[in-house]
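Listed features, source TrEMBL:
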{"type": "SIGNAL", "residues": "1-22", "note": "signal peptide"}
{"type": "DOMAIN", "residues": "32-110", "note": "domain 'Inhibitor I9'"}
{"type": "DOMAIN", "residues": "134-546", "note": "domain 'Peptidase S8/S53'"}
{"type": "ACT_SITE", "residues": "142", "note": "active site, charge relay system"}
{"type": "ACT_SITE", "residues": "197", "note": "active site, charge relay system"}
{"type": "ACT_SITE", "residues": "493", "note": "active site, charge relay system"}
{"type": "DOMAIN", "residues": "599-699", "note": "domain 'Subtilisin-like protease fibronectin type-III'"}
{"type": "DOMAIN", "residues": "716-762", "note": "domain 'Inhibitor I9'"}
{"type": "DOMAIN", "residues": "786-986", "note": "domain 'Peptidase S8/S53'"}
């Protein structure tokens, strides 16, 4: 299966004044667009294809539509896909009868712990209505299906249901049967699944019960769908490169008309997009209007907030969570200790111990087990052990175990403290004892970015380490040559068909229930889940109403019903026009009054506040239908979630139902004040008659008013607003989707909107060389120098260094307005007068770069400084009597744009005199998008000079990154001192190399060798730039022309001297 590909929502810097690319056609700059025209007109003389051709001819001025019309949607809704120029697209978008025109994009696949875990037991242990189940058809829109799989065998099935109007158009050598009753292809490849994803999802939803399935013995058991007696129709819209918009709409168009009962679609965009431009929302709306429920995956961009992509209320949106089964791969060390890692490892090393070698070089690992903290799989090693960054197991093409950070550190300690460390990696085993369910880290989270008062996702279901049918043409993992019939996958792609199977299961007992009633039953009977931590990543925005419970959903007691008119009113509340809605629905629509989207009769309740501190009152209007027994009384109960300060009242608080299908309305009033945005503000409303417990989550979102002014479509700002710039200039940094970025960029008062990038650190033979001599040999104005403040924007500082000692200094200058916020155990003094941190790590320098630059600029004069005796002398700054303020904007991963801007914002207001910033981008970028140029401009306006590094990309022309005229840009050059490391050959010749080598071999001669494997106890001569861990020393060919520190004895020779050494070695025995 091809892995899901989702982009993290970028952090963007905004100054006040999808990733998915369109599928293009290479002819005359034309691009495929979808023209959506709403419902099919009801008049008998209307012919969709003729109308579509006529429209195209009018717009293009061409008589022949060959190569222009891609598809017509004419069975379930109205529209077409065509190749258009940009001007033709604009013209079409303005035409009467057109709802929207949008690019044909490629959506992504969102990739069983299973039915037993949910309570839907095998065989006779579960109540089933087999006669109706056999008449139920599940439509799966995906990568197709493998028709020969046992999961899709027609053995024992009668003919297809009479209502079936579909076809079997699977392509060459593709045969349907009485289980797999339909197949359509929209890719040109045929419906046969070459990826494995479609077979996996289809078998999870409705596959036959197949005993003895496993992945090479792992997870052995019965693979089955939620409704094994149901029929399947496969609609192939995806290839290895993605799933196009126009294909997805065609599949919906056909599936609705073919007569399916439930649609499962494990596909999605990178971001939520407007309903009228979202092919899944469009198709699902028309399916809903025909009584068909669409179940869709939430997306795999978690745990980022606002990442859920399926946000329409007429879609049941599914998150992914764990089951009580997990796949563990143990690492057994020779000392007897066992470490448990994650992977799906089908390889058996028979318990044999192998040497453990740390590193990343495959050549070191041959015949050994490679231990690497990087997510690599060695092709030469016997096995690989690395760090688990995913927290779930995936298939590896070679023996592998991914350990937790703690266990990996323990393994490294063993490897580094043991003379000959050895161990082995065992075959994966299934363990049934983990605490579940827990939402998977990859599962996309809310809040909903389109309809802020609609909670999404709706529900969670098993989506981690799921075993189901696969395609023998697909590779079970990247670079894997094995071929399998059943495989293990994880993703919301896997949780989606679980819920589709549950929906079909409910429909077999309640064939008259509407899609919304089935959705309500699933949501209101879900297992309650608790947030494992604060923040949106683990609340209702992760799991919705909770975990699906198939058995309880058969008998929910009460239901929240919605029809087409309710959804139209919801769209009215989102400011869709009556004209547009008439086209979509095919009916006359009048939007009246101020319809609040939060009053949609949805099983969950959510509202966003414009502020968090002021008192508020929010009401929700709901109506429930009695699905239980006559003469039943339901009492309301409010359960506040941990930490919630909400007050919730229900009116009326008792519902007396005299008859089945009776409807009664009630109002939920939520009040509160002073909500903490960092804590959950949620509760559960439970209606109970003693038998049924009908539960609905209530979620109140708070937001930061600063960002609410500018991005009115955002929901809770938790996880959105990153920083506000308000001391020295105006702006903010926020997590935005691409469409929000575009919207902001066009707003009045916005100068620029640009991505939050990671800048690079630009890393003294010294002051004497420049003529600024030590002590009294240089003229100084010490009184003013002591009042001078140098602001250093870098990696922070080491406050205990002698270079920053406050000894002998008076109090900070009166002009200083800064603070010392260095974090835990960080103390400023009268030299280091200020410290601020923008990384969350504190201002203490963990990298060294910031301490180096700060001491070079303004450090005290410290005598006897050296690097293990090398370069011994006085280390000092240019203005030793000056004060220093440190601003930490960098971690070991880089220096983020938003943090750099915050540092400038504060440094200017703090009162520094000079700003030193040894950071930069890879290239020069426009001033209005360059954080250093922006900050320096505002510094200049306040009389503060900014000094910036030119960059380390030389000698390439045009590589200087700091190019603003209000910045003093500095290149780097040598001094009259250099560090040389001599190599003395036994014949007496001395070669001069470069390095900072503090190791002393006492002049002893060692053999010279050229192979790393032969280097133990010898000196390795290598053309590659690395220092051997096994050799006594390493001699390499130097490319830098300057010396750097080596962790082991090393000298880098010039090319001429290196060639001489090679010649000596070859000619000497």
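Placed from the backbone N, Cα and C atoms, the Cβ positions cover glycine too.
In TrEMBL, annotation is done automatically, which means it is predicted and not curated.
Straight-line distance linking the Cα atoms of residue 493 (active site, charge relay system) and residue 142 (active site, charge relay system), rounded to a whole number, equals 10 Å. Its own atom aside, the Cβ of residue 197 (active site, charge relay system) has 31 Cβ atoms within 10 angstroms in the protein chains shown.
Residue 142 (active site, charge relay system): 29 other CB atoms within 10 A of its CB, across all protein chains.
Residue 142 (active site, charge relay system) sits 7 Å from residue 197 (active site, charge relay system), counting Cα to Cα. Under DSSP, residues within the domain 'Subtilisin-like protease fibronectin type-III' (599-699) fall into helix, strand and coil as 1 helix, 57 strand, 43 coil.
Per-residue pLDDT, averaged along the domain 'Inhibitor I9' (716-762), amounts to 71 for this model.
Just so you know, the Cβ of residue 493 (active site, charge relay system) picks up 32 other Cβ atoms within 10 Å once every protein chain is counted. In the domain 'Inhibitor I9' (32-110), the DSSP tally of helix, strand and coil residues is 21 helix, 25 strand, 33 coil.
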